[in-house]
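S.K.: Can you keep this structure in mind? I'll have questions shortly.
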Amino acid sequence: MGGCSSAFAVSTRMIRFSRGRVPAAILPVTSNDEPCCSCSPENNNKNNDGGGGGCDGGEHQKGKSWRRWQYRRCGGGGGGGGGRKNAILGDAADVKTAAGFAERYRLGAELGRGEFGVTRRCSDAATGEALACKTIRRKRLRRCRGDAEDVRREVEILRRISALGAGADSVVRLRDACEDSDGVHLVMELCEGGELFDRIFARGHYTERAAAKLARTIVGVVQLCHENGVMHRDLKPENFLFANKSEDSPLKAIDFGLSVFFKPGERFTQVVGSTYYMAPEVLNRSYGPEADVWSAGVILYILLCGVPPFWGDNDEKTVTAILQGGINFQREPWPKVSPHAKDLVSKMLDPDPSTRLTAKEVLEHPWLKNADRAPNVSLGEIVRSRLMQFSAMNKFKKKALGVVAKNLPVEEMDKYTQMFHKMDKDNSGNLTLEDLKLGLQINGHPVPETEIEMLLEAGDIDGNGTLDCEEFVTVLLHIKKMSNEEYLPKAFKFFDKDGNGFIEMEELMDALGDELGPTEQVVKDIIRDIDTDKDGRISYQEFESMMISGSDWRNASRRYSKANFSSLSRKLCKGNS
C-alpha cells in the first residue's frame, strides 16, 4: 500500500500522552482567542472551555495506553494525600474509603497501564459481574486545579448519560466513581469485543451496508450527547469498542475525557481532539456541537474508503488540507459507492457549520434511515487492507509510547511545575517573553530572544502571547520525552528482542500478535512505510523518525532545527533545577 494510505498510516498521531492539542504554531491566527465558558450548569465550573484532561485508563480495555494529563491552572487541588480536604471527587464519590471499595469490588488482572494509572479487570463482589476499573493514581496527579475538575466533569458526563438507561446502550456505562487515599477508581462496563477496525477486517467481507450500520451507531452517540447538552470533541474510530465478541455485539463509545457541557449558541475556542478528525472551525478556534458531526463524517469517509479525507505527513500539512477543503470522490473505491452515501459524506463534511447537517438530520438522511437496505456489495480488498494497516500502525505506536510513558518519573513533572512558578515572578499565572528571558539570565543561562520566541510560538495554545503552566509544562515534557536519549531507546529495545539494533518482521509480529494477530503482509507494509533505506528492517533512526512524525509537540519544532529546540529545553531545565 502506498501513496495517501501509507502516509496516513505512518503519520497518524498517537495522542495518549498529549491529549488532543494542536500546537498553536500551526494554527491560523484569529481574533477569537478569548476563552469561552464551557461550564457545567450543575457544578458551576468556571473553567473556560474546560475539557481536555480526564483519564483514559487505556479506555479500560486491553492494549490501550493512558493518555497524558493536561496541565491547567497551577497551584491548587488535585494532588496531595488522602485526606478529605484533598479530595478529588469529594461528595461526587460513591465510595470514599479503600475498605469500602475493597468490600464492593474484587480487582483482577491488569488490562492496560500508562503514565498516570492502570486499568484492571474487576468484578462485583456481590454478583460476580465482570467490570473494568480505571485507577487514576493520586501521586500522579499534578498540582493543578484543572486535573480534579476534569475528572469530576468526566464523571458527571458519564453519569448523566448512564442515567438514561436503555436509551444510552451505545455508550459505556459508569458503574461507580470511587476515591480513596490511592486515587480515583472509575468502575465501568467491560468491553471485550475489540476495536472498530479490527472487527471489520476480521470479517473478511466488508460492504457499504456494514459501514452504514456502524455510522448509524456513531451518529446516534453524537445525537444522544447533543440532546443532553454534551459535546464530545474527540470522536475517532479508536474511541469505539464492541461490547463483546458476538457477531451482533453493540458498538459503544468509551472515552469522554475531552467532552464538555454546552448551552445553545455557546462557542468554544480551545483546540482539542485528534487532528485528522478536527473540523475547520475548531482549527479557527470558534466552534460548537457541529464539530462533532464533522468528526463523524470523517469516520464515515474512512469507513467507506480506508483513508481520511484530509491528510498530511505531519500536523501542519493535515491542518492545511482541512482548511483548504475539497473531498476526493475519484479514487477507489468511491466510483462503486452509492450516490446516497457520497451525498451524506458531503453534507457532513460541509466546511460551513451553519449549513452542515445536525446529528438529527444525519440520522434522517435516506442512506442511514434505510441502512439495512444499503448496497451489500463488497467495497473491495483495498479498503480492508488500508484499515488493517492503519490499525496495526496505531498499535505499534501505542506500544512504543507506552514504554516511553512508563519511564517518565513523577519527579520530572513536579520539576517543571516548580520551574514555572520560579519564573512567574508576578504570580500572574502566565510567562511572558520577558519572564522567560529574565528567568534564564538570572540563572546564568542567557538564551537568544529568537529561541525564546520559538518556545512561545510552539507552546502558546490559546494564542495570547504568553505561556500558562499547562502550556509551559506540556511543551517541555514533550521535547524531553522525545529528544532525551533515555526514553526512545528503551522503547526500541522493547521490540528489538535479539539486541542486534534492528526491529525485524518476526519481532514486530510477536510484539503485536496478542492485540492484533496481524498477517505477515500487514507487518511487511508497516516495515516498508518506516524502512527508508529499504533493507527490510527498522533501524533505531527509522524508529525514531516514525515516533516523531505526526506527533503533537514534537512537530512544534518543524520550523526550527531540532538541535536548537532541544538546546533551549536543556537550558531551561538546567537553569531552574
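Don't overthink the numbers, they just go from 1 along the chain as shown.
Keep in mind that glycine also has a Cβ here, set from the backbone N, Cα and C atoms.
Remember, predicted model here, so these are calculated numbers, not experimental data.
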S.K.: Select from 188-218, 250-280, 374-404 the stretch of residues annotated by Swiss-Prot as region 'Autoinhibitory domain'.
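M.R.: Residues 374-404 are the ones Swiss-Prot records as region 'Autoinhibitory domain'.
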S.K.: Out of the recorded positions ASP234, ASP424, ASP426, SER428, ASP496, give me the one sitting nearest to GLU542 (Ca(2+) 4 binding site) by CA distance.
M.R.: ASP496
S.K.: Got a sec? Which of these binding-site residues, SER428, ASN430, ASN464, ASN500, has the most Cβ atoms within 10 Å?
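M.R.: Going through SER428, ASN430, ASN464, ASN500 one by one, the largest Cβ count within 10 Å is at ASN430.
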S.K.: Considering only the binding-site residues SER428, THR466, ASP498, ASP533, which residue has the minimal Cα-Cα separation from THR119 (ATP binding site)?
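M.R.: Closest by Cα distance to THR119 (ATP binding site) among the binding-site residues SER428, THR466, ASP498, ASP533: ASP498.
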S.K.: Nearest to ASN464 (Ca(2+) 2 binding site) by Cα, among LEU111, ASP426, SER428, ARG537 (binding-site residues)?
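M.R.: So, spelling it out, the nearest of the binding-site residues is SER428.
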S.K.: For ASP424 (Ca(2+) 1 binding site) and THR466 (Ca(2+) 2 binding site), what Cα-Cα distance in Å is obtained after rounding to a whole number?
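M.R.: Pair distance, Cα basis, whole Å: 11 Å.
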